[in-house]
Structure formats: C-alpha cells, structure tokens
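Over in TrEMBL, the protein carries these features:
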REPEAT    111-145  repeat 'PPR'
REPEAT    146-176  repeat 'PPR'
REPEAT    177-211  repeat 'PPR'
REPEAT    278-312  repeat 'PPR'
REPEAT    379-413  repeat 'PPR'
Amino acid sequence: MMGGLGRIDGVVEALEMFRMMSRKGVRIDSISLSAVLSVCAKGGEYDEFGCYENGDRLLRNVVLGEQIHGLAFKLGFERDLYLSNSLLDMYAKNGIMKSAEMVFHTLGKPSVVSWNIMIAGYGQKGNSGKAIECFQRMQFSGFKPDAVTYINMLAACIKCGDVDTARQMFDNMSCPSVISWNAIISGYSQNENHREAIDLFREMQFQSVKPDRTTVTVILGSCAGMAFLEGGKQVHAALQKAALHTDNYVAGGLIGMYSKCGKIERAEHIFSSMPELDIVCWNSMIAGLTLNSLNREAFMLFKQMRQGRMLPTEFSYATVLSCCTKLSSLFQGRQVHSQIVKDGYESDVFVGTALVDMYCKCGDIDGARKHFDMMPVRNIVTWNEMIHGYAQNGYGDQAVHLYEDMIASGAKPDAVTFIAVLTACSHSGLVDLGFRIFNSMKSEHGIDPELDHYTCIIDCLSRAGHFHDAELLMEKMPYRDDPIVWEVVLSSCRVHGNVSLAQQAAEELFRLDPESSTPYVLLANIYSSLGRWNDVRVIRELMSEKQIVKDPGYSWTEHKEQDTCLFVG
Ligand SMILES: *[C@@H]1O[C@H](CO)[C@@H](O)[C@H](O)[C@H]1NC(C)=O
Ligand SMILES: *[C@@H]1O[C@H](CO)[C@@H](O)[C@H](O)[C@H]1NC(C)=O
C-alpha cells in the first residue's frame with residue numbers, strides 16, 4: 001500500500017500509513033522500511049532546470065529519511081542489502097551524497113544496484129568526474145555494468161556536457177530506449193555537433209526505434225543549426241503524416257527551424273494555422289522575427305501576445321528587449337520594462353540582466369545602473385554587461401570601480417569580465433590600472449589570458465605610447481603570430497609617429513598575412529602624416545607589384561580606429 005501510494009505521489013498519505021502501522025503495533029520489517037524510504041526519495045527529484053522543486057519538501061524528506069535510517073539501525077537491519085540500497089537511494093535522490101557515501105562504505109558487499117545508485121546520484125548533481133570514478137571503481141571491483149549503469153552514466157555525462165564519454169556509454173547499450181537515443185542526440189545537438197545528431201537520428205530509424213516529439217524537436221533544432229532546410233522539410237513532412245505537426249512543442253521547433261533557415265513566411269504560416277497557441281509557439285515566433293531582423297514586427301507580436309493575456313516567460317522578455325536594443329528604441333524598452341514590473345518579473349536575474357543590457361546599448365547608462373543597483377540577485381553575466389556598458393559608453397573609471405566592487409562583493413570574475421574591464425582601460429587610457437588588472441588575471445583569479453586579453457592590453461599600452469612595455473609583453477605571449485596584435489600596434493604607431501616600430505610591425509604582418517592590404521595602408525598613412533611622400537610612393541608601388549588590392553574598408557587618409565575588444569553577451 002505504501003509503495004503504491006509513493007508511486008502515485010501520495011507522499012503524505014504513505015507516511016500517514018506508516019505512522020498508523022507503527023501505532024497499531026504491526027511488526028516493521030525491512031520491506032516496510034524500504035517502502036517508506038522510497039517515498040522519502042520521491043520528493044527530492046530535480047525539476048527540469050536541475051533545481052529542487054520545493055526546498056521545504058526536500059528538508060522534510062531528508063529529516064524523515066534520517067529518522068527511518070535511525071530506526072533501521074535500532075531494529076538491527078544495517079546488514080540488509082535491500083534496505084541499505086533504499087537508504088542509499090533516499091540520500092542520493094535528495095542530493096545528500098556525503099550521507100550516501102557513508103552508507104555505501106558500511107556496505108559489506110555492495111551490489112550492482114548500489115553502484116548504480118551512487119552513479120545516478122553524482123550524475124544528478126552534475127558531478128560527472130565522480131560518476132566516472134565510481135564507474136571505474138565498480139569494474140575494478142569485479143562488477144559488470146548493466147543496462148541501468150549505462151543509462152545512469154549516459155545521463156551523468158550529458159548533464160556535464162561530456163558527449164564523448166556519453167557516446168561510449170551509449171555504444172555499449174545493447175538495446176537503447178528512445179529516452180537514451182534522445183539523450184545522446186540532444187547532447188550532440190547542444191554541443192553544436194549537428195551532423196552527428198542527424199546521423200544518429202537516421203541510425204535510430206534504421207534500428208526501428210520510433211522517434212517521439214522530443215527527438216523530432218531536437219532534430220529540427222539541429223537542422224536549423226546547420227541551416228539544413230531540406231532536412232527540416234523532410235522532418236516536417238514526416239510530422240504531417242504522423243499528425244504530430246500541431247503539437248505545440250513540435251510546432252515551436254518547426255517555427256524555429258524555418259526562421260533560422262530564413263523562411264520566415266513558412267514559419268508565420270505554421271504559427272497562424274495552429275489551432276491553439278502556447279507560450280512555446282509565441283516565443284519561437286517572436287525570436288524568429290528578431291532573427292530575421294524584423295524587430296518592429298517582433299515587438300508588435302509581443303504586444304499582441306500580451307493583449308491575448310498570455311503570460312510571457314523570461315525568454316520572451318529577453319527576446320523583446322533585444323528587439324528594442326536593435327531598434328535603438330529606449331522608448332519601447334521602457335514600455336517593456338514597465339510591463340516586466342507589472343508582471344512581477346523585475347527581480348528575475350535573467351530578465352534583469354537583459355534590461356541592463358538594453359539600457360546600456362541604448363546609451364542610457366544611468367538607467368542601466370539604476371536597475372543594476374536594484375537587482376536583488378546578480379550573476380556573472382549581469383556584472384559583465386554593466387562593466388561592458390560603461391566601457392562602451394566611454395566611462396572607463398566607472399567600469400573599473402564596478403569591477404572592484406564586484407571583486408569586493410565576492411563574485412568571481414570570468415574571462416569575459418576581463419575583456420570588458422581591459423577594454424575600458426584601453427578606451428580611457430588607464431594604462432597602469434589596466435596593466436595591473438591584466439597581471440592579476442592569472443595570479444589572483446586563476447584565469448589564463450587569451451588572445452583577446454592580450455590584444456586589449458597591448459592596445460592599451462601602445463595607445464598610450466608605452467611601446468617598450470607592449471614589446472616586452474609580446475615577446476612572452478603565446479599568440480605572437482596572430483596578425484590582430486600587430487595591427488593594433490601598427491595603428492598606435494601612427495598616432496605616436498613611431499616609424500621604426502611601425503616598420504617592424506608591418507614586416508611581421510607581411511609575413512603572417514601576405515594577402516592583406518591593411519599593413520600597407522597603415523604604413524603609408526604613417527609616412528604621409530609625417531610628410532614622407534617618397535616612402536608613401538614606395539609602399540604603393542610595392543602594393544601594385546604584389547597585386548595587393550586595397551580593402552574598401554580602409555581609407556588612405558584615415559584609418560578608422562577599430563574596436564578590437566568587443567562582444568560581451
Ligand atoms: C564496452 O563494452 C566493451 C566490450 O564488452 C568493453 O571492452 C568496454 O570497456 C566497454 N566500454 C565501456 C565504456 O564500458
Ligand atoms: C618606438 O618604439 C620603440 C620600441 O620598439 C621605443 O623604444 C621608442 O621609444 C618608440 N619611439 C617613439 C617615438 O615612441
């Protein structure tokens with residue numbers, strides 16, 4: 001009875017049943033304890049976002065589970081393997097891996113089931129390293145993995161984005177279910193390996209496994225990712241045959257596929273012929289319009305959706321805010337903002353970050369900061385957007401201040417943070433500060449500078465005329481052979497009239513990128529700014545001799561300053 005109640009989510013009823021049983025003095029055996037433990041394991045399962053659905057329920061379950069654990073010990077069942085596995089399962093499902101490990105170590109002889117529970121527990125926590133370690137230890141102790149082991153390992157690896165290991169597990173399954181197929185296919189799709197996702201989809205059909213709505217939606221995503229319109233159309237046709245095309249979830253995938261392949265009319269046709277629209281369809285259609293630069297239309301559709309009393313999700317707000325950004329329409333952005341407040345999404349970190357981004361990109365940096373300060377929770381993207389906003393709007397000092405606030409608040413900067421703050425230093429001429437921050441990347445924050453970071457700091461140093469420091473850094477850096485760094489140096493040489501270094505940089509560029517006209521143009525510009533017309537002529541002759549054609553983006557007289565360090569978010 002308890003087991004049955006547990007299975008249909010009658011958690012409270014099952015626990016009541018257990019109390020009644022104790023009160024009536026019925027002898028409690030290991031089967032009844034296991035049944036009630038499985039009920040305690042139930043509430044702890046994660047929702048689709050990997051969060052516990054309900055913190056209170058979790059706590060209650062763990063407290064109860066621990067009581068049952070104590071009771072089992074008192075009744076002398078600690079050697080019962082079946083019961084021990086139920087205990088393991090209860091702790092693992094509730095995410096208390098420390099307690100699960102303790103129970104595991106007291107097992108005299110674990111079974112395959114015990115190992116499987118441990119692997120699933122680690123997988124659920126996103127700790128694929130531990131799951132793999134368990135998997136190896138299990139085999140080392142002489143156990144042969146079974147079907148469940150492979151399924152649990154597959155799930156663990158996919159959750160952590162380790163598709164290669166996941167594939168090994170998948171290949172060892174004798175008869176994978178559609179769920180396992182979906183797991184591996186969406187693993188590839190999420191890793192942008194669309195080719196492999198589509199190949200597996202074919203393979204799945206060869207093996208007569210019937211795809212379900214999840215499979216086709218993932219495949220539509222992969223067709224979109226590859227701009228493989230023909231494939232998408234084939235899936236569409238198959239869906240119509242199977243009468244699955246009016247499924248909201250699938251329709252969302254179709255709308256996304258057609259919009260990403262540039263067939264916005266077909267997407268709109270599907271959208272308008274749906275008998276009933278849910279939020280997935282609306283979101284796909286709005287995002288599709290934005291993707292095709294139909295930002296005004298996307299904004300109108302969002303309004304229409306609100307008028308139809310459909311409640312937007314975080315994703316809808318982020319999409320429509322990006323429309324406002326692209327339209328440079330602060331007015332519309334503010335309208336959406338007040339909508340967000342009305343709908344009660346203001347304190348959502350994802351939506352809030354999109355708002356900060358919108359205000360920054362529309363040039364209302366004070367508005368962005370005001371909202372930033374009001375946000376109850378910020379994540380790394382929020383900080384990065386705000387710092388980057390200051391940098392792009394020319395407020396270098398503020399960007400650095402905010403970066404320092406961020407460090408003081410205990411938030412951990414990432415590679416993108418440093419691009420933002422170094423860009424700020426470069427644009428505002430904060431050389432010493434920039435250099436200090438650059439040097440702290442590895443020593444204080446454990447982040448290896450990448451090409452973009454080097455480019456930023458070298459840009460910063462050479463813009464300020466600190467050519468010697470820039471050279472020292474370039475000698476040490478691993479990206480010496482990347483043209484972008486030399487281009488940055490060459491541009492600054494013009495500003496400072498440093499002919500000798502300019503010549504050296506140009507030589508490097510001739511070597512690294514012989515086809516490019518950039519170094520010729522930049523060098524000629526330096527000579528002409530110094531009135532060295534003879535040298536200018538030599539360069540032009542060299543160019544025609546080597547048949548280098550001037551890139552139309554570069555002008556002979558003015559080399560427009562490039563923003564070398566961009567892209568946050
Ligand atoms: C898959 O099975 C083969 C043969 O049974 C075995 O040699 C191999 O180690 C297994 N791979 C994994 C990842 O378990
Ligand atoms: C030009 O750059 C070199 C480093 O290569 C430096 O020593 C020199 O002082 C610079 N000259 C000017 C005018 O900035």
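Any Cβ shown, glycine's included, is placed from N, Cα and C.
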Across the repeat 'PPR' (146-176), DSSP yields 22 helix, 0 strand, 9 coil
Taking DSSP helix as H, G and I and strand as E and B, the repeat 'PPR' (177-211) has 26 helix, 0 strand, 9 coil
The DSSP breakdown of the repeat 'PPR' (111-145) into helix, strand and coil residues is 26 helix, 0 strand, 9 coil
What DSSP reports for the repeat 'PPR' (379-413) is 26 helix, 0 strand, 9 coil
The repeat 'PPR' (278-312) resolves under DSSP into 26 helix, 0 strand, 9 coil
On average, residues of the repeat 'PPR' (379-413) score a pLDDT of 95
